[in-house]
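Residues or ranges marked as Ca(2+) binding site in Swiss-Prot (evidence: similarity to another entry): 259, 261, 265. Under the heading compositional bias 'Low complexity', Swiss-Prot lists 55-66. Feature annotation from Swiss-Prot assigns compositional bias 'Pro residues' to 75-86. Taken from Swiss-Prot, the feature compositional bias 'Basic and acidic residues' applies to 87-102. The disulfide bond annotation in Swiss-Prot covers 108-136, 115-143, 267-280, and the record cites similarity to another entry as its basis. Taken from Swiss-Prot, the feature domain 'Fibrinogen C-terminal' applies to 106-323. Summarising the annotation, Swiss-Prot assigns N-linked glycosylation site to 249, 302, 310.
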C-alpha cells in the first residue's frame with residue numbers, strides 16, 4: 001500500500017481525534033492514538049477516548065460490618081456541678097465505741113506528782129498548785145519555788161496565830177487551816193507523798209525580830225495510820241537552827257485524844273500541841289502561838305536548839321522535796 005493511500009485513509013481518524021480533544025477537559029485526559037503493526041504490511045490505529053461525564057449516583061449500598069472498638073480517648077473537661085440532691089435518710093445507730101479515759105485519769109497519767117516536778121516543767125512561782133497522789137487523787141499543795149533551789153512541798157505553816165493547832169487525831173489525819181495563812185496538810189497526804197521515793201526535809205524558822213534560821217535532814221518519811229504516822233528521819237545535814245528533831249526519829253504521832261508517846265501522861269495535852277512526842281519533846285512546832293518569849297515552859301512554837309523552850313517563833317514552815 002502506498003503512503004498516499006494510507007494518509008487518505010487516516011484523514012477521517014485525525015479529524016475525529018481533533019474533535020474529541022477539543023471536547024475533552026484541559027487536563028491530561030486527551031485520547032491516546034496507538035499505531036501498531038508498523039513493521040507489517042498493514043497498519044492498525046487504536047484510539048482510546050477521553051473519560052465520559054460521571055453517571056448518576058447509584059443506590060446506597062448495604063452498611064458494612066462494624067469495625068473493632070477504638071481505644072479510649074482522653075477525658076473531657078469536668079462538667080459543672082449539678083444541684084445538690086435531697087437529704088438522705090438517717091443511718092442506723094452504730095455500735096458504741098470503747099470507753100475512753102476520764103479527764104481525771106488523763107491528768108493523773110500526765111500531771112505532776114511533786115512540787116519539784118512542777119519546777120522542772122517551768123512553774124517557777126511559789127504558790128498553791130495541783131499535784132497527783134499515787135491513787136490519782138488531785139491534791140492542792142503550797143509549793144516553795146524560791147528557798148534553797150525551790151521545789152519544796154510545804155506541809156506545815158505557822159505565821160500569825162490565826163489557826164488553832166491544838167486539835168484531835170481526825171483533824172490532823174485529814175488536814176486543816178487556810179491557804180491564805182496557817183495550815184497542816186494532813187497526815188494521810190504527808191504519808192502518801194513521802195512514800196514516793198526519797199525526800200529531804202527542811203525546817204524554816206523566823207523570829208519576831210526577822211532573824212531566819214533553818215535545819216535540813218537527809219531524808220524524811222511519815223508512815224501510814226496503821227503505824228500511827230511514825231516519823232522516819234534521816235541524818236541532820238546542816239542549819240543554823242541546830243538539830244531539834246533527830247531525837248523524835250521513829251516516834252509515833254500523838255494528839256490530845258490519842259496518846260502514842262512514851263511518857264506517863266499525854267504529851268500533847270501537857271504541851272498543848274500535836275507532834276511526834278517521845279518523853280516528851282525538844283521541838284513542838286504545832287504548839288501554842290505565844291508571840292515570842294513566854295513564861296510557860298515548852299508549850300509554844302518551840303525549837304529548843306534554836307531559841308530554847310521559852311520562845312515561840314513567829315514563822316514556822318516544814319517542807320520536803322524529792323531527791
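Positions of Cβ are set from backbone N, Cα and C atoms, glycine also.
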Output field, Ca(2+) shell: CB within 8 Å of site CB centroid, site 259, 261, 265 dropped: 254, 260, 262, 263, 264, 266, 267, 268, 269, 270, 277, 280
Where residue 249 (N-linked glycosylation site) falls in three-state DSSP terms: coil
Close recorded positions near residue 261 (Ca(2+) binding site), where close means Cα within 10 Å, chosen from 108, 136, 249, 267, 280: 267, 280
Inter-residue C-alpha distance, residue 108 (disulfide bond) and residue 143 (disulfide bond) (nearest angstrom): 18
Among 115, 136, 143, 280, the one of these disulfide-bonded residues whose Cβ has the fewest neighbouring Cβ atoms within 10 Å: 136
Reduced DSSP assignment, residue 136 (disulfide bond): coil
Helix, strand or coil at residue 280 (disulfide bond) [DSSP, three-state]: coil
Least surrounded among the recorded positions, given as 249, 265, 302, when other CB atoms within 10 Å are counted: 265
By Cα-Cα distance, the member of recorded positions 115, 136, 143, 310 nearest residue 267 (disulfide bond): 310
Largest tally of Cβ atoms lying within 10 Å of a Cβ, found at which of the binding-site residues 259, 261: 261
